[in-house]
């Protein structure tokens, strides 16, 4: 049935009420656990004194790095970029891409040293040289082999020696800058292979790679999009565009403040690391922890990328959008936490190999290659391998299920029922899919032991009461998501209005008054059916 299938309003409102009550109930459990274990010995390393006379959960290094420890350094570098970019856009807009590159090189040089810049340039020159051959598979092999050197010894130690100084953040900047550089260079090489006449200049690659807002932390914008946007001559803004950019910046600031406050009252990141404590928690507290950890990871990605993309929008760029929230997901095909990497993989691997994603064998090859590259990007280890296997299986299982239920007698059964009933039945299946997504991704975000404990409580120890209640609440969530998708579909593709009657229809005399039955033309059945 179509995405525009509607349910009664009272039913949708009841789903909203049940969902809100469940979220508040799970939150109260987590707040109680955090409050009663604030001085727990296992929490000493990650729960530290802070504002409000309370202790704060500081276990997420990335969040603390961005918005606490190195906040001033990051803001200083990005503010300098905005200032020089604005001056250049006013005085010499045709050279703005060159100014971006020069400022980026100087910023990287200042923070990491000239030897690190030399290392980055060597990778750029290597992949640029390979791209001149215009052999797609050779560009891929070279790029992946280069990426692998940052994941295995002795190459890793040798390349890490190019970093100078004792700057505390240098290890994070080293891996971020090198990893994103390789992915950007591969995008450039693959786009150069597709270029029909001649080759792109190596200066375009350097402009692309040393654009400072994207250099260390991403997101990745494919070269074809970056090249068009950074060389655009028309720098006029739409009405209200600058206001929207400022509003998004303020929203990100507000989210940072809200998350910081919540970290003083809910230790959602520290609690999953204490297995002894987890075994004594209620089922609702465990389920809430798994869900909130995924929501937090999305919030973190959305805010960190949001800060960077706000700067990029000031440069008249159209950067990748924030990732889709886990609260709005129930399909593996839409699951991602970094839209830049997601678009990169889809463009060059998944869609390229999978075609229309209708053939089972092609889909299997496409997903295996996609997750193979993802494993290399994240770094091969036990947790990443488990995460990749489960998500790859989930993505393929969705296609197998779709193929199976597209056969008879299922098609005839669905056609015989109403659209609302079909939507409810599909939501039941999506409910189980949602929890597969949650459990599979908590493997990477928390640990395999935490995922196993949540699954055991949800499906075995908590059966049937916890299982039924949680699945019913999840069913309400899926219906809320589907309702949002329905409204968006009506906006994007509104239903056509019925044709208006002709203006002279009311004034025309009835046919029976002017024409005898014998003189009336015979009805054309095909024309009548078409009308």
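The backbone N, Cα and C atoms fix where each Cβ goes, and this holds for glycine too.
Listed ranges 134-152, 191-209, 210-228, 229-247; the one TrEMBL annotates as transmembrane segment is 210-228.
Record note: among 427-446, 487-506, 507-526, 427-446 is the stretch given as transmembrane segment by TrEMBL. TrEMBL assigns the feature transmembrane segment to one of the listed ranges (63-85, 316-338), namely 63-85.
Highlighted: of the candidate stretches 12-31, 63-85, 97-119, 249-269, 427-446, 97-119 has the greatest count of Cβ pairs under 8 Å to the transmembrane segment (210-228). When each of 12-31, 249-269, 289-312 is scored by its Cβ pairs under 8 Å to the transmembrane segment (63-85), the top-ranked stretch turns out to be 289-312. Sequence-distant contacts of the transmembrane segment (289-312), counting only residues of its own chain at least 6 positions beyond either end whose CB sits under 8 Å from a CB of the stretch, comprise 26, 30, 60, 62-63, 66, 78, 81-82, 213-214, 217-219, 245, 248-249, 251-252, 255-256, 259, 266, 268-269, 271-272, 281, 319-320, 322-327, 337-340, 438-439, 441-442, 445-446, 450-451, 454.
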